[in-house]
Amino acid sequence: MACGFRRAIACQLSRVLNLPPENLITSISAVPISQKEEVADFQLSVDSLLEKDNDHSRPDIQVQAKRLAEKLRCDTVVSEISTGQRTVNFKINRELLTKTVLQQVIEDGSKYGLKSELFSGLPQKKIVVEFSSPNVAKKFHVGHLRSTIIGNFIANLKEALGHQVIRINYLGDWGMQFGLLGTGFQLFGYEEKLQSNPLQHLFEVYVQVNKEAADDKSVAKAAQEFFQRLELGDVQALSLWQKFRDLSIEEYIRVYKRLGVYFDEYSGESFYREKSQEVLKLLESKGLLLKTIKGTAVVDLSGNGDPSSICTVMRSDGTSLYATRDLAAAIDRMDKYNFDTMIYVTDKGQKKHFQQVFQMLKIMGYDWAERCQHVPFGVVQGMKTRRGDVTFLEDVLNEIQLRMLQNMASIKTTKELKNPQETAERVGLAALIIQDFKGLLLSDYKFSWDRVFQSRGDTGVFLQYTHARLHSLEETFGCGYLNDFNTACLQEPQSVSILQHLLRFDEVLYKSSQDFQPRHIVSYLLTLSHLAAVAHKTLQIKDSPPEVAGARLHLFKAVRSVLANGMKLLGITPVCRM
């Protein structure tokens, strides 16, 4: 993309360098606004054209850049060519820049930036994304919330790029906790409470039975026996377990809907209780399964007894473990979906677990293990509601809504809203997501409610405010002015800065699609919003001549469109009034 300008520059370079234009596309980039000391719109990195060896000293590259620039000519697209630090710089014809960018944004709509030449030639893939994955009856902690919003972003971006994406929620719905839960429900459970608030009641039962099991060995033994009955397929035990699972999923779906998140498949460890036994047999048949003195079964991934490379795959009573069920799930998904890539989104504490799972798949003879990828993220500290620690996702959403409603009530400029609760939740979620996505996903960060809800500065509230403000401009002036426009009316520095920034959207999407880091898009949208705020003050529409007003309105409409596109990719629903 960059509206075809990048390709036009690549075509001219290809004639001089005798290289196909396709080989040059990724070496040509739009110049970020913050670096615009000069007037260039695009730059060619001379380093990226040369072989990366030590023979190319800095002066040589600078000389080559100068020689290359001298061989190039200005044309109807490029109005000026110059050299920078190891770069050749290109300035685009101003009227052409204005007309082409604005036309492209309006014509491409939600696809702006995604039809870029940066993405052409990339094969369409089938991608499985496993994310969120809470444990039934345990706390839906902040790690699950991070997994949910990060996984949703990755799935959104891959889908927008035309890939077939399968979103899987792999629930922790099996294991020893269900022995405790089954026993606990028989002791302390109430059917009415289970039906009215399943997640809350199961959690209360789970906490209570854990306390009892710690003090009373007979309760711990009963829990162990209940789980063994589950593993052996006891009808009564399975019926109770199924009820817990079904009611929990109904509740999850309702809460995920508030987040704007959905899944194509609600899977879980329980699906693989039988298939995990097949995995154990396969490991044994390949001579990879080793029995320990304690009666457990392990796989030695080092081959030389290194304790750090030992992975336990079976308990002494023959029941399966998390790793075994993950192996069975991966094999089943390949059979079912024949995926090109499978992405697991979990906290960085599971890094070793996934390394071992992928390694075991490989030594079992599954070459496609290389298509599996773990996207780890850091820990969030200090997220508490007013009632204390976060227990369930719904607590977070309710807290967001409450705090945002209070904020909106205290601001004089808040508009009369048809549904203030919905607006508050959408703005609050934007605030939460932007705070989370601003840094590297792998970084830990300290959560602050006060910082999240600041309306000024680099926050989600600021993005939503900018979108609502631009939408209000269109509502107020749109009918009279949104016809044809004169590009000569958008030559002020504020207009040009916005147009230059809009040029870069495809590069930002490309970067995020390569490293799965949403911060590139977040940074881009925040800069766009700051540029729009400056332009809104200086580029008046009211009382301007119709030709000027129309051109400016087109510019602001393009900004709002790209802002909305980027926000939706991040998992944010833009608001039109606030």
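Our numbering is plain: 1 for the first residue shown, then up by one each step along the chain.
Backbone N, Cα and C atoms are what each Cβ position is placed from, and that goes for glycine too.
As given in Swiss-Prot:
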BINDING   S133, P134, N135, H144, Y322, D326, Q350  L-arginine binding site
MOD_RES   K568  N6-acetyllysine
MOTIF     133-144  motif ''HIGH' region'
TRANSIT   1-16  transit peptide
| query | Looking at the binding-site residues S133, Q350, which one has the fewest other Cβ atoms within 10 Å of its own Cβ? | reply | Q350
| message | Which residues of the chain, 6 or more past the ends of the motif ''HIGH' region' (133-144), have a CB below 8 A from one of its CBs? | response | 169-173, 177-178, 181, 199, 202-203, 205-206, 244-245, 248, 252, 346-347, 379-380, 383, 390-393, 447
| Roughly how many angstrom lie between the C-alpha atoms of S133 (L-arginine binding site) and K568 (N6-acetyllysine)? | 22
| task | Only counting partners 6 or more residues apart, tell me which same-chain residues put their Cβ under 8 Å from the Cβ of Y322 (L-arginine binding site). | result | G175, E269, H353
| query | In sequence order, which residues at least six apart in the same chain have a CB under 8 Å from the CB of D326 (L-arginine binding site)? | reply | H353, V357
| note | Model confidence over the motif ''HIGH' region' (133-144), as mean pLDDT, sits at 81
| query | Secondary structure at S133 (L-arginine binding site) (DSSP, helix/strand/coil)? | reply | coil
| remark: Its Cβ having more other Cβ atoms within 10 Å than any other among the recorded positions H144, K568, the winner is H144
| How big is the Cα-to-Cα gap, in Å, between N135 (L-arginine binding site) and the residue listed as 'N6-acetyllysine'? | 28
| request: In whole Å, note down how far the CA of K568 (N6-acetyllysine) lies from the CA of Q350 (L-arginine binding site). | output: 29
| query | Looking only at P134, N135, the binding-site residues on record, which one has the least crowded Cβ, with the fewest other Cβ atoms within 10 Å? | reply | N135
| remark: Taking DSSP helix as H, G and I and strand as E and B, the transit peptide (1-16) has 15 helix, 0 strand, 1 coil
| task | Fill in the CA-CA distance, H144 (L-arginine binding site) to K568 (N6-acetyllysine), as an integer in Å. | result | 21
